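Enquirer: Pasting in a structure now, in structure tokens, and then I'll have a few things to ask.
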């Protein structure tokens, strides 16, 4: 413990020296202090909202339906985590840039980054949803057992929920970067109230599916609320959004799902190896179609590839 503390102190001193040599450190103004305190307050509240959302479904299901239903719900949502990881990576990469651009008053570039984030997030989210529409049940049955086959519907609903959740994360990052965490908090309050009320109504009546519906509805309402203010602040309209690129992603995902389904129904059985093959077939089909039909998506994807691959 002493060694850990000493290492932390030593690393902090080195960091302070490096920062002080590179930047001119001045005393913060009252405006800066107020802004930081205000941002920290709303940041804490927004973290509370996220924790509430992450756990409320499990709590309600456990109380009303029992632990076995909680397990089915958890399995279904586990398969949607990859989509959220991708959205999180996109959000973390654009947030600092948004803050810098807001200080410069460069709203045009902020709008471009917002569109790029939407296209890239849905580039993964839409085909994931289409893929689970075709393969959710064989994936659940193959990697778990027939006993958990009912989790296939939950997995599909979970991936569907991740799409508005990912778009919500993008909108929240832009608003927070523009020093408006108060809007994201109010949107979070809408999410909490909607999710809790619908959970209490739907879970006792239609079971686990009710929790999925509650999550999707809460996320969608929060997204609509954030979008309203985002459009107002950035002077956006729906024609400014990348509608053609998103439509191309939907069409490519439908083609992918059709190809995978056509192959799946002709297979005599299912195994882990065949599932991997079907997933690879879907990835290749989707990538080939989307790159071929959408120049906007192609430009963004290749731009990222050039950045990542030296």
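Every residue number used here counts from 1 along the chain in the order it is shown.
Every residue, even glycine, has its Cβ placed from backbone N, Cα and C.
A TrEMBL annotation is a machine prediction, not a hand-curated record.
Annotations per TrEMBL:
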- 58-90: transmembrane segment (TRANSMEM)
- 118-136: transmembrane segment (TRANSMEM)
- 185-206: transmembrane segment (TRANSMEM)
- 212-234: transmembrane segment (TRANSMEM)
- 246-264: transmembrane segment (TRANSMEM)
- 270-293: transmembrane segment (TRANSMEM)
Enquirer: For the transmembrane segment (246-264) and the transmembrane segment (58-90), check the count of CB pairs under 8 Å (sequence separation 6 or more) and say whether it reaches 3 or more.
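Expert: They are not in contact.
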Enquirer: Could you pull out which residues elsewhere in the chain have a CB under 8 Å from any CB of the transmembrane segment (212-234), counting only those six or more residues past its ends?
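Expert: That would be 53, 57, 76, 107, 110-111, 114, 154, 157-158, 160-161, 164-165, 167-168, 171-172, 174-175, 178, 180, 183-184, 186-188, 190-192, 194-195, 198-199, 202-203, 206.
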